[in-house]
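Q: Sharing a structure with you now.
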Amino acid sequence: MSPARGDANASVARASGGSSNGAVTADEVVVQVDDSDENRENLRDRDRADKLEKLEKDAHARSQTQTQVQAPPVTVSSFRSANGDAIRAYRSETALTMKPRPRGSTSSTPTTTIPPLRPGRPSSPESPSLKRLSPRYSPTILASRTSRFSNRTGIRDSQSPSPILADEMVGRESLRKRPATSNTPAPKTPTPKNTEWTVDKIASALSVLAEEVPQNHSRLVNFLLEETEKRAPQPRHLSKTDPFAHMKSKAIDANRPRPEGVPTMDVKFKQHSGEYGKSRNSGRRFQYPVVCIKPDREPVPPYRFHHAEIRKNILALNSQLNFVPHLRDVDPNSAEEQKYSAWLMDLENLDSKSGFKIQPRSQKIAKRAQAEYAATLAPYLEPWLRKLNIEGCTKSNLIRFMASQPESDDSMTPQQKSNLLDTYSDDMGSPQAVRNASMFTEAWDRVFNDQSKLRRVALRDILMLDKNVEPIFDNKRAKDAPGSQKPPDEALMQKVIDALGSYTTLGCLICFSHDCEHGEIERDNQKRCFSLEEIGGLMPSLRRKWAAQIEQRQKTEGGSANAPPAHPPCRNECYRIHGTGDPNQQVPPWSENEVGTLEWMFATIGYSQTLRPECFVGAILGRPCWDVHRKLQELDLRLPPVEPRTIPKQKSLPWYDRRKKQLMSDWADATITHEHAVRELFAPCHHDGPCTAANGCPCASAGTHPVLCERFCLCTAEECPLKFTGCACHSSGKTCLQRQREGRPCICVQLNRECDPTLCKGCGARERADPENAYDEVLHSTGCQNVALQRGAAKAVVLGKSQLEACGYGLFAAEDIEEGEFVIEYTGELISHDEGVRREHRRGDVFDEENKVSYLFTLLEQEGIWVDAAIYGNLSRYINHATDGNIMPKIMYVNHEWRIKFTAIKDIKAGEELFFNYGDNFPNLTKKLVERNEQSGAETTPQQPKRANGAATQRATARKTTSKAKGEGIGFDDDDRDGNDSDPDDLWMGDQQQQQQQQQQQQQQQQQQQQQQQQQQQQQQQQQAQKPQPSTSHQPQSRAERSSTETGSEEISPDKQLRRENHDAQRQLLHQFQQQEQQQQQQQQQQQQQQTLPRKEPKKEELEEEIDLDAPRRSRLKRRLEALKGDSSSGGSANEQPPVKKPSRRGGARPGAGRKPKHRPPGAKGKDSKGKKGPSSSAGATTGAGSGESSGVNETGEEEVAVNGKSDSKDEAKEEETDKEKEEDEKVNEKDREKGRDSLSSPTEEPIAFLPVTKSAPSPAKKQASSPTKISDSNRTTSKNTSSNNNNNTNNNNNNNNNEFPSPVISPRKTRSSDHLTNSQPAALSPSATTRKRKASDLTSDTHLSAAGKGSDPSTMTTTTTTTTTTTSSSSSSSSSSSSSSSSSKAQPILEEKGDDDDENNEPITSPLKRQKTSSSLSSSHSMSVFSEAKEGVNGAVPGSGRNLRSSGVKVDSSGLNSTSLSQERGEKHEKHEKEKPKEKKGEKERERERDRSEEADEELLPMDRSMRKRQKPARYRDEGE
């Protein structure tokens, strides 16, 4: 056969298997090529019109007679297999052979056998899809469907043409190449005949074309299956026999009884069918015998969510419930199914409240099927339009027609409609095209949008999937319609804005990418990028840039803005050398895109001195520089005029200096920049003028407190006082820390942000924030230490089973971590709070609500932004909860994004589990769950031990809550470390020593509780459980032990005698449970009187009279006594333990109450106790009964004073009042007024602050002795020597369970009490401090001193300040023996004193350490001075100086047993003081003489009156100490 010429008779037939009706049953195609002379002759006659007309009629007649043939062969006019050309088929009805070739037949013509064109094509009759398109249609080649398991020789190779393409080519040729009429020769490319299309014809044609969709889908699936089978791996079985092939089912008939002793399992098989895949109820149940296996290994903890590891947070849109969560199979019409359905309704209601359109599940399934069907039909639209060849009916015209319909107005905005019409304005058709588009749309909806079909889709749904239509409905920037003629500069800027619109909208200002995770989700559930649109768009940024360039050029050159550039000419034939070049030189013409690039680059470069647009654009486009310069002159491009900037001078803020880069005092109260959780998010400011609230600056008017302007704001440091300019740290040594060796702390650290590599230039943050230097330890050993998150070098951590029972997994440290080091970042999806609530509810198990797992973390509470680490996150999601954790989360501001950083708060060894206190870090749902389980756990959980060595308490659990809660917090069982079931070989839980210590500790605590219950029969258990102490701490002694220790002592110290006398005077006011110990005090009192001088014993009536005097200044005290009596009487029934007197903010049962604060102006009136300010506020009168006696520091830093017993009534005290004492009181007041002693203390004095420490130096008792300490009347004490024992004995006497806090310690520096927020710390008061501060508080208090018995150090003493109506007898009478032993194990309480330089006379500060040296010159023991001062406090003498020794008349030697006249001691001190008089200052002499004059009236003054005088410490004590 000649491949170049001739129209050979080629017939395509199938090798039949002997079918009578000519059906095709063969698996191969046979092509017969007829190259005979007769055929050639027929080709010559083809051009004759009469011959063709006759042949056409004959062919038409034959086609009607052979309609029964299923697969007729097709004649191929030419077949070129040698060169691989495509098949070309010419319709020749004369050569058409309709007979199938029988099996085994022969022919004289050569026959060529080829494989089928398309494997797997089903055997079917001629496709009517193409036959109905034209009456002159000829059948195309139809290949038979090969079996998937047939011979591989019939599979098409990759080089063979696609059968779909071949069909389409044959169809096109058949439609296009029609025979010419008999009078005219046939043209080479005949013009198709125009068809008058109607809606019915189009619908019929679309119905035929629709049949291709399932056929092509089946071909595609078959092809994919066969290709997969070819690439399937070979089986690698060890044996060719299948051991399970002959295995029979061991199912037991459910109707038969179960065999005894054989465990079985019920299995139900369900078949899902019907609409939407619902299961049938006719499932059969089978029973299978099973063998229960218990492995020797511990099972791996289960978890529900497998996370995808991410390094940074990612944005997540609000998502609707797309599928129904499957928890487990439930029986139909059961209670579980109803509960499950109700839960699904709750999920849908949450979506509805969030703004989503809720549809029934059936509609959702139908809509999903509709979307899938639309995606399937979308690729067929354009090919079908080309086949139908309808005039003007193109896809563009269909989109324009869709946009112009009235029903489209409801689904699109006018702007979107305008954008659609403008986008497809280039292909505007004729009116006939519009009519055809309307007919095609109607026909499409008739065929594919039938309401009776499950899968239906409208033409609009197909067109909306177009790649040009979808972005228009995605909030794309609208293009301005062409308007009137604009000036050249405005027209240029409009072109630049249009050209750079995508960069302006999508370009991120942080990472400079166009698809990143920076930005936020708007309310319409659309992402808003952090781009130039956030700061006003492109034009404001360009204008500011031009203005800055002009100012810089004027400063450097002093010329105009059009001055020549300073940089040298470029090497690309620069225009500065060649000008506009040779005009005769041929250059390529400029395209439209090149001109646009030149325009927007010209505007972007602006007035730069270092870069010219000619040189830059020439390098980009590959053109000579002079060519670009010539084009610029042709275009005559000019920038719009720029107004010069006027920078007004702005003063620095009082709390922030942008030039010094530091924060001033009280900055935390002036701004909320550092409080990320409560601040609001504002777009960077881009206004004109200064950044002030009056000018509308969002940064300056951010609520009541401004925030600093960030580097993305368009303001500058010259004009904005709020502009953040980075830190001023240097790069030598380790810098950017909270506490630095030199200079102020880093401002970035203070503001809870990491150093900005752009702004912080001195500390080296740029090099250390580079990820390439993340593991360069040498570089990070110096310089900035505040770029941990930007560095991204987390500590090595591993995942393992948590130490908390039923908690699943936990995170463990794989290396040693020092305190303050960065551990890991908490990453996840950034979601809104509404989305977080829905996700939390979806993940819950409706059948097991207690087992909920939460991975939500509150990032910005004010803005409602959470971090969800359930699906996307890192290993930090496994960190569990503990009250005392070893790491702490912190929200940091890092380059305009907020991130969560975990830092170690203590040293962590490798292998320790990481914990942190969830607290308020987790959102509402988790928080409520935690609180609920805490309440349930507190009610049902016994006391849990605390881990030894100060480790974190494991009673709190992780975020993974469970119904097995038995502990506090969220509630789980005790840690295995606290039990007896821990494995000693376990790496994480083998700690036998700690377990033994905890067991011993539990036994000791139980014994102590039993002893306390026996001694305190009327006392019930306290409301709060006793908190455990480490095994190394000292356990308080019980009352029985202290009583036995004191009664067994052979000798009584003088200071104990004073306490007995004081208790005897108040014996009738004590609680009932203290009466037994009062009898022991009376016996010891007789022995004490033999060793001490006789003294007047205060009577009960006198003490009551001091409380209930009718003077106006005691009115506040009366109200407090009444409140105290009411509280004690009401709370006594429930808990008979004496109430604890709780101090108010400015008053209460504490020394120095009622004094003016420092910030209070003189003459300012205090407020009464009815909820107002004042020294006797009833708010701090008492605490709840049963809370235990305690002594410490309240929330304002002032001392809490322990109060025992009950107060007597006001009337009873008045009845016992005597006239003689009234007269004495009036005389004393008269003397005070004469001597000017009624003045209050200086309002500049401040109360005492306590500093907690962990341990104290075990110094000997004699070294601790010091001179009597001076007590200021402004709520300060300076007792150092007795503070440790005071604290121990106060706790032992008042609250045996209150040993959880460390003892307060003296700090020699000045400290405000408000600087320390230590709550409920024991207060240690010296005798002089107790008496003096008691007088200042309108509450007549007595001083109880506790001294050691025989064998005890007399320097270890305790004072407990209590009111007369609520004092303790025996509880504070026998604590010296325990205090001496506890002083070595517990911290020495040392009180902090504010120096006298803050007082009126500005005396220098006296260190408590210096006062210790004074004891050697005053007395030989510390107990002497304390005893003398305490005695003076009870009898009326003013303590605080050496004159108390003279008035008391008692001297005690170093052993505390021998006594002499105190007047002699006073005389010795006076003589020594006279020798040192030249050293004293004038002010000190005057104050000393005033104190000497006041000593005569000290015995007569009431404690309340004495408290109103200011007492200064004699200077001689300081001189002697120095």
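Just so you know, glycine gets a Cβ as well, placed from its N, Cα and C.
According to Swiss-Prot, the Zn(2+) 3 binding site annotation covers Cys685, His687, Cys691, Cys697. The Zn(2+) 6 binding site annotation in Swiss-Prot covers Cys727, Cys729, Cys736, Cys746, and the record cites experimental evidence as its basis. The annotation S-adenosyl-L-methionine binding site is assigned in Swiss-Prot to Tyr809, Lys852, Ser854, Tyr855, Asn880, His881, Thr926 on the grounds of experimental evidence. Among the features that Swiss-Prot reports, compositional bias 'Low complexity' is placed at 180-195, 1072-1091, 1255-1299, 1355-1385 (among others). Swiss-Prot lists 935-946, 1025-1038, 1127-1136, 1316-1330 (among others) with the feature compositional bias 'Polar residues'. The annotation compositional bias 'Basic and acidic residues' is assigned in Swiss-Prot to 1053-1066, 1207-1221, 1465-1494 (among others). Under the heading compositional bias 'Basic residues', Swiss-Prot lists 1142-1162. What Swiss-Prot records for 795-919 is domain 'SET', and it gives experimental evidence as the kind of evidence. Summarising the annotation, Swiss-Prot assigns region 'BAM domain' to 251-300 and lists experimental evidence as the type of evidence. Annotation source Swiss-Prot lists region 'SRM domain' at 321-360. Marked as region 'SANT2L domain' by Swiss-Prot: 561-650.
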Q: Do you know the DSSP helix, strand and coil residue counts for the domain 'SET' (795-919)?
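A: Counting residues per DSSP class in the domain 'SET' (795-919), I get 14 helix, 51 strand, 60 coil.
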Q: Hey, for the Zn(2+) 3 site built from Cys685, His687, Cys691, Cys697, who else sits with CB inside 8 A of the CB center?
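A: For the Zn(2+) 3 site the neighbour list reads His686, Gly689, Pro690, Thr692, Asn695, Gly696, Pro698, Cys699, Ala700, Cys709, Cys713, Cys715, Cys720.
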Q: If you compare CA-to-CA distances from Ser854 (S-adenosyl-L-methionine binding site) to each of the binding-site residues Cys691, Cys697, Cys729, Cys736, which comes out shortest?
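A: Minimum Cα distance from Ser854 (S-adenosyl-L-methionine binding site) across Cys691, Cys697, Cys729, Cys736 lands on Cys736.
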Q: Compute the centroid of the Cβ atoms of Cys727, Cys729, Cys736, Cys746, then list the same-chain residues not in that set whose Cβ lies within 8 Å of it, in sequence order, for the Zn(2+) 6 site.
A: Ala728, Thr735, Leu737, Gln740, Pro745, Ile747, Cys748, Val749, Cys755, Cys760, Cys763, Cys784, Asn786
Q: According to DSSP, which of helix, strand or coil covers Cys746 (Zn(2+) 6 binding site)?
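A: The residue in question, Cys746 (Zn(2+) 6 binding site), is coil (DSSP, three-state).
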Q: How big is the gap, in Å, between the Cα of Asn880 (S-adenosyl-L-methionine binding site) and that of Cys736 (Zn(2+) 6 binding site), rounded to a whole number?
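A: So the alpha carbons of Asn880 (S-adenosyl-L-methionine binding site) and Cys736 (Zn(2+) 6 binding site) sit roughly 30 Å from each other.
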Q: Which of the listed binding-site residues (Cys685, Cys727, Cys729, Cys736, Cys746) has the least company, meaning the fewest other Cβ atoms within 10 Å of its Cβ?
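A: Among the binding-site residues Cys685, Cys727, Cys729, Cys736, Cys746, the lowest count of other Cβ atoms within 10 Å belongs to Cys685.
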Q: Including all protein chains shown, what's the count of other C-beta atoms within 10 A of the C-beta of Lys852 (S-adenosyl-L-methionine binding site)?
A: 18
Q: What residue among the binding-site residues His687, His881 has the most other CB atoms lying within 10 A of its CB?
A: His881
Q: For Tyr809 (S-adenosyl-L-methionine binding site) and Cys736 (Zn(2+) 6 binding site), what Cα-Cα distance in Å is obtained after rounding to a whole number?
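A: That comes out at 36 Å between the alpha carbons.
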Q: Using Cα coordinates, what distance in whole Å links Lys852 (S-adenosyl-L-methionine binding site) and Cys736 (Zn(2+) 6 binding site)?
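A: The separation of the Cα atoms works out to 41 Å.
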Q: If we count other C-beta atoms within 10 Å, could you say which of the binding-site residues Tyr809, Tyr855 has the fewest?
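A: Tyr809, out of the binding-site residues Tyr809, Tyr855, has the fewest neighbouring Cβ atoms within 10 Å.
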Q: Where the distance is taken from Cα to Cα, which of the binding-site residues Cys729, Cys746, Tyr855 turns out closest to Cys697 (Zn(2+) 3 binding site)?
A: Cys746
Q: Distance between Cys727 (Zn(2+) 6 binding site) and Cys685 (Zn(2+) 3 binding site) at the Cα atoms, whole Å?
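A: It is 22 Å, counting Cα to Cα.
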Q: Check Cys697 (Zn(2+) 3 binding site) against DSSP and tell me helix, strand or coil, would you?
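A: Looking at the DSSP assignment, Cys697 (Zn(2+) 3 binding site) belongs to neither helix nor strand, so coil.
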Q: To the nearest whole angstrom, what is the C-alpha distance linking Cys746 (Zn(2+) 6 binding site) and Cys691 (Zn(2+) 3 binding site)?
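A: For Cys746 (Zn(2+) 6 binding site) versus Cys691 (Zn(2+) 3 binding site), the Cα atoms are 25 Å apart.
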Q: Over all shown protein chains, what is the count of other CB atoms within 10 A of the CB belonging to Cys691 (Zn(2+) 3 binding site)?
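A: Within a 10 Å radius of the Cβ of Cys691 (Zn(2+) 3 binding site) lie 25 other Cβ atoms.
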Q: How far is it from Cys685 (Zn(2+) 3 binding site) to Tyr855 (S-adenosyl-L-methionine binding site), counting Cα to Cα, in Å?
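A: With distance taken Cα to Cα, Tyr855 (S-adenosyl-L-methionine binding site) is 35 Å from Cys685 (Zn(2+) 3 binding site).
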Q: To the nearest whole angstrom, what is the C-alpha distance linking Cys691 (Zn(2+) 3 binding site) and Cys736 (Zn(2+) 6 binding site)?
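A: Pair distance, Cα basis, whole Å: 28 Å.
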Q: Once the chains shown are all counted, how many other Cβ atoms turn up within 10 Å of the Cβ of Asn880 (S-adenosyl-L-methionine binding site)?
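A: I get 26 for this one.
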Q: Starting from the Cβ of Ser854 (S-adenosyl-L-methionine binding site), draw a 10 Å sphere and report how many other Cβ atoms land inside it.
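A: Looking across every protein chain shown, the total is 25.
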Q: Compare the C-alpha of Tyr855 (S-adenosyl-L-methionine binding site) with the C-alpha of each of the binding-site residues His687, Cys729, Cys736, and give the closest one.
A: Cys736
